[in-house]
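Trainee: Shown below is the structure under consideration.
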């Protein structure tokens, strides 16, 4: 299961982040890949320093303020936030992200797109699933969140430049099926409240959600 989050960062913040990133230096992205993934990874990453620290802080705050992200991911921690850049000819072949990022279990991965989709060709995030491949290329400021266990790749960029922020989430709820149940209950409770306000039925849904989270959460 994956989710498309719209407007995680508004256009003004996207411009600010792009300015910050544009002033920084980049290093070979292979330095942060595992032994197997390194063989298929050809991109660049913003070097360590104050700029990438600022980007990490702003993106973390933006995600944690986005109701859809919080509901879907149930985040406990965000780790290893990186800024990646793909220029003409660069790509990242099929791979699986590490189970542990920064010593923490990684349940979900995210990609926050910062380049306008019409400013580059190629560069789609390609997810491998039971029904085949799904290509994802979002507006600047939008993000996609998906299972870290999924095989995925970044298609070769054939024109322009693709800049994105990527990172990993340890969820309060380890199992994806349980996270999906809680996410569905969030949607139901929001719809009930919008339609009828506070009712007995809404209270029962909220009680059920809270009790399930109490059973499943790893705090």
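Each Cβ is built from the backbone N, Cα and C atoms, and glycine gets one as well.
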Trainee: Kindly point out which candidate in 16, 152 is recorded by Swiss-Prot as part of the Fe cation site with 95, 97.
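Mentor: Of the residues offered, the record points to 152.
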Trainee: Work out, from DSSP, the number of helix, strand and coil residues along the domain 'Fe2OG dioxygenase' (77-171).
Mentor: 3 helix, 58 strand, 34 coil
Trainee: To which of the binding-site residues 95, 152, 162 does the lowest count of other Cβ atoms within 10 Å belong?
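Mentor: Comparing Cβ neighbour counts within 10 Å for the binding-site residues 95, 152, 162 gives 95.
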Trainee: Nearest to residue 162 (2-oxoglutarate binding site) by Cα distance: which of the binding-site residues 95, 97, 152 is it?
Mentor: 152
